[in-house]
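The feature domain 'EMI' is assigned by TrEMBL to 43-97. Residues annotated as domain 'FAS1' in TrEMBL: 98-233, 237-368, 372-495, 499-628. According to TrEMBL, the signal peptide annotation covers 1-23.
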Amino acid sequence: MGREMKRLTLFALAITLIATGFAAKTPYQAVLQHSRIRGRTHGPNVCAMQKIQGTDKKYFTNCKQWYHRKICGKPTVVSYECCPGYEKVIGEKGCPAALPLVNIYKTLGVVGATTTKMYSERANLQEEIEGPGSFTFFAPSNEAWAALPTEILDALVSNVNIELLNALHYHMINKRLTSDDLKHGASFPSMYQDFDVHIHHYSNGIVTVNCARLVKTDQHATNGIVHVVDRVITAITNNVNSLIDNDDDLDTLRTAVAAAGLTNLLENEGSYTIFAPTNEAFEKIPPNTLTRILGDPVALKDLLNYHILKNLHCSESIVAGTPLETLQGTVLEVGCDGEEMTINGKAIVTQRDKLGTNGVIHYVNELLIPDSAKTLLELVEGSVVTTASKLFKDAGLTDHLIGFETLTLLAPLNDAFKDKSLAMTPDLKKLLRNHILKEKFSSKSLYHGQELETLGGLKLRVFVFRNSLCIENACIAAHDKNGRYANMFIVDQILAPPMGTVMDVLKADDRFSTLVGAIQRAGLTELLNKKGTYTFFAPTNAAFSAMPPADLNKLMNPKELANLLRYHIGEEFLVSGAVTSHTRMKPLTGDKLELGTRNSSVYVNRVPVVETDLMATNGVVHAVDVIIKPLRKS
């Protein structure tokens, strides 16, 4: 019986622990707890706050903000204040005393919402919020009232209508709701004609009501609870499609939405964020580009979906750059720079937080064009391959870059052209045609040994390494750019198509004349002409000249010479772009070759490679000016 009781007790304890684990804090409570931990050295119930320098904006802080000491890219000043519901006691450390509970009307004064308190008197709301009940009051701060346009404020506080009472009732809910009850995406009927207020509770601890941020939360009263908010909120009655329909600044967007068949989406239930391009934003786009996209339903739908986030994000929820997924399937980096909301690092948001029943609209004065709506030329010109862009155009390849062909462009980074002659010659034109593949590929679908045909008629080989994916010597250096009809791979090198066997490559280069004679004397010619995947660290004439006479004499022996050369030949294929800081290769003779990179140079057994990636049909040649010797074992 005792053993059974013990087992039941352990079982009950396990259930309790599991239940405790599942009773997770809300994001707001988590960030509040972090601020408490940061403030505990200052006494009980002290919270660390971060204030953006030069503003009155304060935030409870999470780990990232605390260590960066920045919010919206601006430096913060740390202050230590009483946590919600506590106050100081003279002569004692911290904030040991719980605030005495008073009614909501008096609580408005306690939390500093004195303008809301004054307007409650003027609107004859005082008696209601002093009396019995269980209310939640989202009380605008004094600064929120001051920020209202004069004409709106004058209309509200006029003594000849009931607008002020209606406005205040819209800030109230007829039950007590703590921050824990304010769940993300929840709506509650207000005390103004039951019009809903909309709650968003973000993972960074920010809580908003109708996009107004709660700046003092959970201020308990005898007859309810007060949350101070940073703006005056207004009733939401229209969906986002109606908001677009009724705004002359969004005429072009309205036409585009209808043409793309997105009207129903924007009328249906949802919780979207729309970065709405104004007429001005559309006018900034070159007319031929805009005409092309507006006339192409697929590109137009992608363009518009790229302006729509899958979830609702009020501007106040953004305190740092965050990648957010769009309906188009890719992400936008939504961030902030001080008071400015940014998209992909640009402050193009001109109006924020126009809230509808199914989403929020932020106006932008620049059109966001996703790669999937772009021609190949637009992909190239909007990327980090400006030198390649100019060369492709100079080579007369523009028609391939603006047309409807399904192609893949291999575009070398600007650095790949350093120290290269860029004069347009027939050879360069031919080489550039071989940078365009005849099909539209995704890098994820490429496989080792695959052959890809170019516009120039060549077959290029695909090599898959542990950390690199390469087409011949050119390794993919960035994510694919997937356009409307064609794709672009950004590569680290100018393509070097194979020029015969390894032996052919060596014979064609005067630097290797001594090596070619040595290979023939050592009996390795047939090996380097036959099918294979060799990597040859090929000593130049200078490497042989630098050898001591005694070592050179040894090489007169064909067997000694063969062993030395076989130590320079790896059994596998390896281009420079696939070499990492610690890459090992098994040579045909000997233990191993140790490869690494330093300052963009490749080293083998600490010997610098002076030229990389001389491509062959059966391997690759890398030139070295020093004979490679095994490293001493430590």
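Cβ coordinates are placed from backbone N, Cα and C, and glycine is handled just like the others.
What TrEMBL says about a protein is an automatic prediction, not a curated fact.
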Problem set entry | For the domain 'FAS1' (372-495), the number of residues DSSP places in helix, strand and coil | 37 helix, 30 strand, 57 coil
Exercise. By DSSP, how many residues in the domain 'FAS1' (499-628) are helix, how many strand, and how many coil?
Worked result: 48 helix, 38 strand, 44 coil
Exercise. The domain 'FAS1' (372-495): mean pLDDT?
Worked result: 93
